[in-house]
Amino acid sequence: MWLRFCAPALMAWYWVFFPSTSQAATMENDGQDGFWQRAKNNLSETWHNGQSQDLYVPAMTWHNRWTYSRQKIDKYNERPWGAGYGVSRLDSDGDWHGIYLMAFKDSFNKWEPIGGYGYEKRWKPVAGNDDFQLGLGFTAGVTMRDNWNYIPIPVLLPLASINYQRLSFQMTYIPGTHNNGNVYFAWLRWQL
């Protein structure tokens, strides 16, 4: 049953990551690409020409205390044990692109895999110091949760980071309603 949901996504990922010669040729044009073509180009460039391999270590989960009852918070796991792996690169503007796969213990202490693409516009807030950077962007991918029978669920979330040399503290916020969603999730990313 899950294959019915995954097959279209798997075919699309295959097409992006393993383009035919004719598809690869269409990626090289005069820079007048639309959003979809730029996204495919960035995914393909990151996959084929990643500058670093990355280790992901989930660091914390925080359920927003203004949107959750104390009973719910007391039942939830906020220590997301797990790990992940990815490839990443910096583009000509110094912006970060990454493709990742991570698995961690979710709020119910069940395994949750997530995989996708991340983009961050990078800034160097301290003049003359290229080692320290801040990032702001998004991540788009697919996750699967135990409480949803591990059906693939697409995600599009904000992404922010604090970076120093090869270490990044990345974070996102999952929006939601009362007692649902509204979760801050953070992880460490180490460039190997």
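Here the Cβ of each residue, glycine as well, is placed from N, Cα and C on the backbone.
According to Swiss-Prot, the features are:
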ACT_SITE  HIS63  active site
ACT_SITE  ASP106  active site
ACT_SITE  SER107  active site
SIGNAL    1-24  signal peptide
SITE      LYS72  site 'Role in lipopolysaccharide recognition'
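Overlay of Swiss-Prot feature records on the structure.
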{"residue": "HIS63", "record": "active site", "DSSP (3 states)": "strand"}
{"residue": "LYS72", "record": "site 'Role in lipopolysaccharide recognition'", "DSSP (3 states)": "helix"}
{"residue": "ASP106", "record": "active site", "DSSP (3 states)": "coil"}
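Among the recorded positions LYS72, ASP106, SER107, the ones whose Cα is located within 10 Å of the Cα of HIS63 (active site) are LYS72, SER107. When Cβ neighbours within 10 Å are tallied across all protein chains shown, the highest count among the recorded positions HIS63, LYS72 belongs to HIS63. Annotation for ASP106 (active site): same-chain Cβ neighbours under 8 Å, separated by at least 6 residues, are THR61, ASN77, PRO80, GLU112, ARG145, ASP146. Here the C-alpha separation of SER107 (active site) and LYS72 (site 'Role in lipopolysaccharide recognition') works out to 10 Å.
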